[in-house]
Amino acid sequence: MLEHKQWRYLNSTDVINDHPYWVHFDVYALQSNDTIELGSFRYIIYFDYLPAFRLATVLKFPSWFGNSTIDPCAQKPCSANSICKPILNEEGKFYCSCLSGYTDVNCTVYEQKCSSYCSPDSICRPDQRGLIKNPDNPLCICSLDHFGPSCHIRNEACESDPCGLNGTCHLTYDPSGDKPIVCQCSKQFYGDRCQYEKVAVAIHVNMTLAPSVSVVQFYDFDQLSGSIIKLQHQMITTGLPLTIRYYHDQEKAPFLCLLKTYEGFSDPQYYVLYVQENRTLINLTSTPRFCPNAISLLPRGKLFAF
């Protein structure tokens with residue numbers, strides 16, 4: 001291995017043109033009884049003769065993902081025992097992923113161990129487990145509710161419906177068992193088990209103004225100081241929203257709501273939508289009250305600088 005690195009270091013042409021190593025992140029959609037490969041992010045290791053390689057990147061689906069008109073796999077370029085998948089960080093490029101159990105360059109060799117070792121609902125990858133742990137068996141990629149080296153162990157943490165009707169249960173596969181699930185709450189609820197309902201604010205705006213852009217801002221008291229007003233939440237819309245809804249996860253609703261409107265390059269106009277203290281629910285129709293700029297209230301020539 002050391003001799004190979006030395007040879008790569010001295011052969012600059014080979015380093016530029018030949019890249020035998022890369023880091024890849026394969027993406028799968030896990031379902032209850034199936035596992036679907038979506039694609040892969042692949043990053044070349046350009047200077048593989050160095051003692052370490054550091055990769056810092058953000059993985060996100062590209063805008064063209066799922067667009068059949070620019071799908072690099074539209075022509076079905078792969079062989080019978082493989083399926084075409086996109087390289088998600090390189091538009092127009094693809095790779096041929098072997099079907100479960102198949103291996104070799106052209107996916108022509110079937111590993112018999114896949115028939116008996118991996119669960120039927122998993123994807124079997126021969127020669128991909130690595131050299132450190134259990135190298136004699138294939139890698140099994142489990143479906144949504146299974147785990148273990150061969151995916152035969154069923155994870156039943158979500159079977160009791162711990163998130164109730166207000167959320168969706170997702171398995172974490174935490175090896176310690178301290179946090180086996182996480183609940184993804186619906187918009188109106190929050191909490192570890194989505195057990196708390198957010199405070200609802202509903203404002204029906206009675207206004208004929210038609211600005212280009214509107215900004216709605218909710219303000220509340222800072223809990224530490226008890227007096228400082230801080231911005232709790234804001235939303236930006238095109239035009240003027242006729243109905244404003246905000247689900248607040250505090251004990252009380254924000255006591256102040258402002259509306260800022262923008263038109264062209266002019267300064268924003270400020271309006272008060274409501275001032276309501278110590279309210280848990282707010283449902284009202286508001287005719288916004290205009291707040292003039294303090295400078296406009298002073299006579300010209302009476303401004304002082306301190």
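Note: Cβ is positioned from N, Cα and C throughout, glycine not excepted.
Each of CYS96, CYS107 is a candidate, yet TrEMBL gives the disulfide link of CYS98 to CYS107. Looking at the candidates CYS169, CYS194, TrEMBL gives CYS194 as the cysteine bonded to CYS185 by a disulfide. Here the Cα atom of CYS98 (disulfide bond) is found 41 Å from that of CYS194 (disulfide bond). Rounded to a whole number, the C-alpha distance linking CYS185 (disulfide bond) with CYS107 (disulfide bond) is 42 angstrom. Cα-Cα distance from CYS107 (disulfide bond) to CYS194 (disulfide bond): 46 Å (rounded to the nearest whole number). Counting only residues at least six positions away in the same chain, the Cβ atoms of CYS163, GLY164, ASN166, GLY167, CYS183, CYS185, SER186 sit under 8 Å from the Cβ of CYS194 (disulfide bond).
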